């Protein structure tokens, strides 16, 4: 449906505590809408929204939605949700989160960042650059920016930067002026009936919905995007480590948790020297995508370089949380949201490069039974790269258990060599005690996953650090 601002004054948000819906609610509040919402329990997102004026109840009994002009929901809301059913009965217009976002973006020059991995950091880095360059953007990303402590902002400038979600194919609501895709991977295949080719074709459709005079920015290191690039009718800009990328990363090196590299591009006679306050080649790629877009909008180069150098990152993306005190020293605790084998691999590589002499203890909470089943072999391979694996039970994210796709099944798939350095912790609350027993001074402890593993971080550092 189209969003008519003359009649839409009150929006009700189902699952308002989720990062995506909470960011949308924040933008609506700052645009003057009355926002009500519901969720099962309070969290930092709901607390932030309540301070901004949102009216939130913590149940889904269907009583709070009846007076709204429209209701917004995410893919996390099931068809039998009482509020969703009440809205349908009351004939209240229902919009998916992505549909409402796309409606808001129509008022601006829009930039949509998609991809299986890296889209939150890239969109956050891009938003930070636009702010630093005084372009006063509106943005909505899939994580809390560490500098502003918010996933959203309403500015007075011409640009709207948003993360585009392929997990439920809702990015098809968007018709951006600039579209970015960081990579394409076999994830969220349940949305695409298990058909990777259908996923690929959906990405092509998304990119072809870019404005006729718009720009598509693709990472040429990704084999699927390399295949797609020549098929597109829009102007394409490529980036990557690949020698034939238009924006090419060269001379990459990592010093501690900082990255140094150069970008060769058709816009410059001399390479651009970039310092990034984040580790990992994957973040160098993210910064290169930002650089390509900055050139498209003719951003001031000194402002761009400053923004990349001082970008503080996104919460739960290689975030250093503190130290856990041990009897004879301390262990450093890092939290990372990555939950796909390729994301785990990138996190481990960045940590190894930052602390090559220190032991890596990876605490991994698998996310969704379906993903664990579909990528079991890939998980086994990447988890073998750590020095000690602490495996938690699968975080269901609302899915029913799948036989052969739980934590114990993953443990059984590990090799004999891996079994000697693997600990299975079925209950999250037992994790602090387990880590106290197995950790050594100077360990790097990485808490990895998109589920509720983050809830233990504060207790872990406060109790033991």
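Residue numbers in this text run from 1 along the chain shown.
Glycine residues also receive a Cβ, built from the backbone N, Cα and C atoms like all the rest.
Residues or ranges marked as ATP binding site in Swiss-Prot (evidence: sequence analysis): 115, 116, 117, 118, 119, 120, 121. DSSP assigns residue 119 (ATP binding site) to a helix in the three-state reduction.
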Binding-site residues: 117, 119 - member with fewest neighbouring CB atoms within 10 Å: 117
Tertiary neighbours of residue 121 (ATP binding site) (same chain, Cβ under 8 Å, six or more apart): 143, 278, 283, 286, 313, 314, 317
Residues near residue 116 (ATP binding site) in space but at least six apart in sequence (CB under 8 A): 166, 182, 183, 184, 185, 187, 340, 342
